[in-house]
Amino acid sequence: MSIEEKIQLIEKGTLEVIDTEELKEVLKKEQPIAYTGYEPSGKIHLGHAVTVQKLKTLQKLGFKIKILLADFHAFLNGKGSIEEIAETAEYNMKCFKALGLDETTEFILGSSFQLNEDYASKVYKLATLTTLKRARRSMDQVSRHDENPKVASVVYPIMQTVDMVALDVDVALGGMEQRKIQMLARENLEKIDEKVPVCIHTPLLHGLDGDAKMSSSKGNYIAVDDSVEEITKKIKKSYCPQGETEGNPMIEIAETFVYPNQETLLIKRPEKFGGDIELTHEQLINDFSNGDLHPMDLKNGIKDFLIEHFAPVREYMEE
């Protein structure tokens with residue numbers, strides 16, 4: 001596979017790659033390193049699965065995958081005690097394995113290296129180069145809204161920057177909520193003569209309630225290990241306004257998970273409502289926009305797909 005073909009695969013389903021010319025150079029390496037960091041703070045849901053899909057693509061293209069289980073970051077972001085976060089990290093790691101990342105994937109706890117002398121030295125150095133305003137702005141979409149923010153909220157993005165050095169990262173992957181932090185990292189790492197990673201950003205899924213972001217803290221998610229009953233209940237109650245495709249979580253799930261994996265979505269219906277249909281992406285958008293596909297029929301199709309698609313995850317988690 002040529003470098004151009006690899007880039008096309010990497011760009012598919014992403015919002016941006018910063019930047020493509022740098023990525024070309026990275027792809028010339030024998031085994032470049034790609035990483036994503038996750039706060040161990042709750043259930044692993046479809047929002048996480050978006051980035052895991054891309055990690056699996058990178059893995060197939062020869063990347064070494066490192067997943068940072070950012071326990072100290074979760075603590076700084078008020079997600080629980082160190083003990084609670086450690087327990088969640090174990091569960092999260094099992095979920096990521098269940099999603100199909102292979103045995104070469106390296107899982108790393110932030111606390112395993114973030115107290116090292118060299119790491120701390122770089123954090124202090126970057127703290128002298130980063131304005132308070134810039135650090136706080138980078139956290140806009142990552143931390144909870146707080147009218148009286150803690151100092152921890154500005155230490156967080158500086159640590160995330162140094163993580164990229166400590167893990168020897170060539171590619172940093174994250175959802176769009178990570179963009180401001182990653183742009184800060186690119187600027188600051190250049191200032192201290194460290195390797196600047198390529199940054200890849202994936203789209204955020206709307207919550208099942210129509211909120212701008214699917215989040216475990218808001219409860220508006222489908223967990224990758226949800227039971228058949230839980231998936232059915234959550235999809236039935238989900239936001240799916242008739243005729244609207246923008247910001248519709250059912251359409252987003254179809255675009256993010258169904259069509260990258262199969263050509264059509266099967267929607268089972270009683271004969272009196274037209275019988276079963278299989279829709280391509282284009283047909284789905286047209287039929288739903290025109291009112292020819294009822295929201296409940298779309299929900300049922302998405303529900304059936306998710307139940308089948310994540311069956312291996314449920315089985316793995318039950319072992």
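The count begins at 1 with the first shown residue.
Note: Cβ is positioned from N, Cα and C throughout, glycine not excepted.
In the shown protein chains, 25 other C-beta atoms lie within 10 A of the C-beta of Gln178 (L-tyrosine binding site). Secondary structure from DSSP puts Gln178 (L-tyrosine binding site) in a helix. Residues annotated as L-tyrosine binding site in Swiss-Prot, with sequence analysis given as evidence: Tyr35, Tyr156, Gln160, Asp163, Gln178.
According to Swiss-Prot, the feature motif ''HIGH' region' maps to 40-48. Sequence-distant contacts of the motif ''HIGH' region' (40-48), counting only residues of its own chain at least 6 positions beyond either end whose CB sits under 8 Å from a CB of the stretch, comprise 69-71, 74, 77, 79-80, 85-86, 88-89, 91-92, 95-96, 99, 175, 204-205, 213-217, 221-225, 253, 256-257.
For the motif ''KMSKS' region' (213-217), the list of distant contacts is 41-43, 45-47, 141, 144, 177, 204-207, 223, 249: same-chain residues at least six beyond its ends, Cβ to Cβ under 8 Å. Sequence annotations record features per position, and here Swiss-Prot assigns motif ''KMSKS' region' to 213-217.
DSSP assigns Ser216 (ATP binding site) to coil, not to a helix or a strand. Summarising the annotation, Swiss-Prot assigns ATP binding site to Ser216 and lists sequence analysis as the type of evidence.
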Looking at Cβ-Cβ distances, which residues of the chain lie under 8 angstroms from Asp163 (L-tyrosine binding site) while being 6 or more apart from it? Tyr35, Gly37, Leu68, Ala70, Gly110, Gln114, Val169
DSSP assigns the residues of the motif ''HIGH' region' (40-48) as 3 helix, 1 strand, 5 coil
When you tally the Cβ atoms that lie within 10 Å of each candidate's Cβ, which of the binding-site residues (Gln160, Ser216) has the highest tally? Gln160
Specify the count of other C-beta atoms within 10 Å of the C-beta of Tyr156 (L-tyrosine binding site). 23
For the L-tyrosine site made of Tyr35, Tyr156, Gln160, Asp163, Gln178, how many Å separate the two farthest Cα atoms? 17
Count the Cβ atoms, other than its own, that fall within 10 Å of the Cβ of Tyr35 (L-tyrosine binding site), considering every protein chain shown. 25
Whole-number mean of pLDDT values that fall within the motif ''KMSKS' region' (213-217): 89
